[in-house]
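Engineer: Quick one: structure below, then a few questions.
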Amino acid sequence: MTDLSPVLTIDGPSGAGKGTVSRIVAARLGWHYLDSGALYRAVGVAASWADLDVSDPAALVRCTFDTKVEFDEAGEAGLRVLVNGVDATGELRLETTGALASAIAAIPEVRSALKERQRAFRQPPGLVADGRDMGTVIFPDAAFKVFLTASAEERAGRRHKQLMEKGVSVIFDDLLREIMARDARDAQRVVAPLRPAEDAVLIDTSGIGIEDVVQRVVGLLDSRTP
């Protein structure tokens, strides 16, 4: 990597709060924001639209190369995502899309195909990269690395609240099982398993408000910036 723009990686399991924290921190710093999970979800959406078989790696790899993904950064409010020119933001956040993205992310060729696409987000004045392997694989030379975590029960509770507020009826125990299953898949995959980088700062977000986590992350940057 020749671009020496600073990078802050924020990794962690689903529901740990990394997306919200990353967006807020990026907006406050005036840095670019990479939601790596949205890339995998976008490929999942494109594969779903094309009615591809998730058990056909070759077809999914072709889909990865053929899918055009555009991010419309919207500050702290969120991210608008276009898949092949179509606004797919809502579909990207469906539970079914998340499960499909997790399965697709386990395919080594897909991860390889998306690696350089993710690294291209590293531009001045800096980048906040949110994902599961940002600090270990995509930006191992990042100057600032954070790993957010929380108990499975805490994360299921957060997701349950989000869905209920949107009018989506869901059973808590079902969400908990899905989160635990996804944790297992992410941790056990052969390529880029979910784990903290050795030099990452670990923050358990259980019972902590978003603003408190944001302040801790910003404080980390302030303490390490000359």
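A Cβ is built for glycine as well, from the same backbone N, Cα and C atoms used for every other residue.
What Swiss-Prot shows for this protein is this:
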BINDING   Gly12, Pro13, Ser14, Gly15, Ala16, Gly17, Lys18, Gly19, Thr20  ATP binding site
Engineer: Near the ATP site, what residues other than Gly12, Pro13, Ser14, Gly15, Ala16, Gly17, Lys18, Gly19, Thr20 in the same chain have a C-beta no further than 8 Å from the centroid of the listed C-beta atoms?
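Structural biologist: Here the non-site neighbours turn out to be Val21, Leu148, Ala150, Arg155, Thr205.
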Engineer: Highest CB neighbour count within 10 A among the binding-site residues Ala16, Thr20?
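Structural biologist: Highest number of other Cβ atoms within 10 Å: Ala16.
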Engineer: To see if you understand the setup: which same-chain residues, six or more apart in sequence, place their Cβ under 8 Å from that of Gly12 (ATP binding site)?
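Structural biologist: Lys18, Arg132, Phe147, Leu148, Thr149 - these are the non-local Cβ neighbours of Gly12 (ATP binding site), listed in sequence order.
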Engineer: Run through the Cβ atoms and count how many others sit within 10 Å of the one on Ser14 (ATP binding site).
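Structural biologist: So the number of other Cβ atoms within 10 Å of Ser14 (ATP binding site) is 21.
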Engineer: Is Thr20 (ATP binding site) helix, strand or coil when read with DSSP?
Structural biologist: helix
